[in-house]
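A.B. asks: Here it is, the structure, as structure tokens.
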């Protein structure tokens with residue numbers, strides 16, 4: 001954040017000098033406003049970023065002819081900020097204007113068109129319009145295949161983007177195929193224990209788990225954890241996530257003692273990494289309680305569910321669904337213990 005503040009200060013100083021030296025709507029103003037917008041964007045101050053990007057665009061519209069290719073950049077930046085703000089229809093409108101400008105100015109397979117289609121795909125994904133997202137991502141990929149060598153690292157991200165959409169559509173075999181292609185490219189481009197490989201193995205495992213391919217899910221989660229242990233410091237929170245995922249698969253396989261062991265490792269790391277009433281700890285206690293519930297050890301399950309509920313009462317708003325989940329879990333345990341009045345309450 002400190003470096004962003006320094007960058008912002010420099011860009012604002014540049015702008016002040018331009019204001020003294022140049023007439024009000026001189027084309028050179030567009031760049032400092034754009035740069036200021038980029039810094040605010042990185043800082044997460046999206047309203048300020050939007051204001052700066054829009055001022056940059058205003059200047060370019062005055063200084064440049066209609067549909068000049070330089071308009072595409074500000075429209076793209078404005079669209080991506082709207083996406084981050086959750087204003088998806090405005091994001092889509094700006095990104096489509098950017099794309100139309102690029103189509104006029106550039107040859108049909110220029111890499112910038114691929115970026116534009118990718119950004120539009122991302123907005124459609126956030127809107128839940130998965131078919132349109134896939135279509136945009138695939139158009140982006142087609143252009144990249146013409147413009148870039150076959151195993152360029154950028155392809156890995158494109159295949160991953162498509163996979164995420166297929167995953168959300170429930171098209172798991174297509175998601176898996178795209179994720180495996182992404183991983184192949186990463187293996188060529190990255191060192192063998194790069195953290196990005198851990199993320200890819202994790203994504204593959206998640207899809208395999210949904211497909212009921214538990215052995216493959218388990219081996220992929222374990223490979224992800226191996227890489228994390230090499231690439232990340234001891235007890236990094238990502239280790240906790242991996243142990244949790246491994247436990248989740250063991251639980252699906254009915255191997256409850258192994259699930260319990262992995263969940264407990266995950267919990268120990270979270271206790272070190274997080275404050276004592278963090279919601280992730282509540283989830284961890286809940287997961288362990290669920291394993292004990294499946295094992296028929298209802299007293300232990302009850303104790304853990306109650307600990308989970310205590311944390312959620314502190315960490316979450318009063319009507320959060322997580323509280324309902326905890327209460328339901330406690331009720332189920334009381335029901336199986338034959339304590340029906342407590343189950344009802």
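Cβ from N, Cα, C; glycine included.
The annotation repeat 'TPR' is assigned in TrEMBL to 30-63, 114-147, 156-189, 198-231, 240-273, 282-315.
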A.B. asks: Against the repeat 'TPR' (240-273), which of these stretches has the most C-beta pairs under 8 Å: 114-147, 156-189, 198-231, 282-315?
C.D. replies: 198-231
A.B. asks: Using a Cβ cut-off of under 8 Å, list the residues of the same chain at least 6 residues beyond the repeat 'TPR' (198-231) that approach it.
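C.D. replies: For the repeat 'TPR' (198-231), the nonlocal Cβ contacts are 156, 160, 163, 167, 172-173, 175-176, 179-180, 182-183, 186, 238-239, 241-243, 245-246, 248-250, 252-253.
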A.B. asks: Six or more residues beyond either end and a Cβ under 8 Å away: which residues meet both conditions relative to the repeat 'TPR' (282-315)?
C.D. replies: 240, 244, 247-248, 251, 256, 259-260, 263-264, 266-267, 270, 322-323, 325-327, 329-330, 332-334, 336-337
A.B. asks: Just give the helix, strand and coil counts over the repeat 'TPR' (30-63), going by DSSP.
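C.D. replies: Tallied per class, the repeat 'TPR' (30-63) gives 32 helix, 0 strand, 2 coil.
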